[in-house]
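All remarks here apply to the structure that follows.
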């Protein structure tokens, strides 16, 4: 028969006595406090981090973090040949510039549709001697000097596209606006200058880059490959841009036979002659002549647009279609 000893009974009574309950409460409280010390600290830390006020009152910590950030920036600067001279400037070592030229050149040849390749090649070939020559050209001209002084930035906002759309149909502004709409581009798509060291040179190259679409517009050349090559040749002969000269020489090599024939017989001869006869386009303050009559501007610049490339291509496509229909009819 099962029996309970007096000691077991007494232990059971003691376990449920008020004194022992009090002891258990103290023990559990101590465990909870210790757990809160270990775990609760992490919870409070996470809450403070989430609220963004973790170290708001700890000036020493903020100072240390700022110091570490500055050290990282200094370490990055120490890997560059010089300090950045303007916002967005990335100084390059000579071998990095050579690599940029080689890689961007190959990419531009095989993938001319990628604008980033063209942008990088342009800056890699923008030698200081060329930019200094362009600077002298601007300094010798009254308008060029004002452009260097004002440092204008061509954007949709600065040009006020809505105002351009309401200008006289034969004005420079409306001609530019109509060309942008026809080609589906915007002045805001021009990339900033990154790899040119001198701030003045960087501005000059940015100005050339931002004015590129005006050269298209006044000559009514589309942004298809033939139109781009023609404008590059025009730029090369007018202001001597090295990348433009390279593009005009090498880009036609990958074109179809009929495209080459058009370029070599019509557009490249026009581009060289027009560029040499035209006044330096880098000295044109486009923002100030938007109201001017486009024909009057062309006379002042001494430039005549080439034959309509879109029309020639369209007629060529029509002839091919007619020939194809005749051939199919003959086969039947």
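Here the Cβ of each residue, glycine as well, is placed from N, Cα and C on the backbone.
Small disclaimer: the values here were computed from a predicted structure and weren't measured.
Feature annotation from Swiss-Prot assigns transit peptide to 1-16.
In the three-state DSSP classification, residue 216 (Zn(2+) binding site) falls within a helix. Sequence-distant neighbours of residue 216 (Zn(2+) binding site) (same chain, 6+ residues apart, CB-CB distance under 8 A): 179, 183, 222, 223, 227, 231. The annotation Zn(2+) binding site is assigned in Swiss-Prot to 212, 213, 216, 228.
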